[in-house]
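S.K.: Take a look at the following structure, please.
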């Protein structure tokens, strides 16, 4: 590796909107603010909402189901 061409890699704090503080390293060089983290994201907390896409299938069968029956 060449000397003096690489960016400075320092420790920063990423502060979430829920109040959680994560210490990490970055070349940005300043603390950042994030919207979601693993403490408040629905995927990690288990409070994930499941979207119902079955309505589209039912609507299709309702419109075109007549053509399938003889």
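Glycine residues also receive a Cβ, built from the backbone N, Cα and C atoms like all the rest.
Residues or ranges marked as Zn(2+) binding site in Swiss-Prot (evidence: sequence analysis): 16, 18, 37, 40.
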S.K.: If one looks at the chain holding residue 37 (Zn(2+) binding site), which residues at least 6 apart in sequence have a CB under 8 angstroms from its CB?
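M.R.: In sequence order, the residues whose Cβ lies under 8 Å from that of residue 37 (Zn(2+) binding site) (at least 6 apart) are 14, 16, 18, 20, 22.
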S.K.: Sorted by position, what residues of the same chain at least six away from residue 40 (Zn(2+) binding site) have a C-beta under 8 A from it?
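M.R.: Listed in sequence order, they are 16, 17, 18, 20.
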S.K.: Counting Cβ atoms within 10 Å across all protein chains shown, which of the binding-site residues 16, 18 comes out on top?
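M.R.: Ranked by Cβ atoms within 10 Å, first place goes to 16.
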S.K.: Within 8 Å of the Cβ centre of 16, 18, 37, 40, which other residues of the chain have their Cβ, at the recorded Zn(2+) site?
M.R.: 17, 19, 20, 34, 35, 36, 38, 39, 41
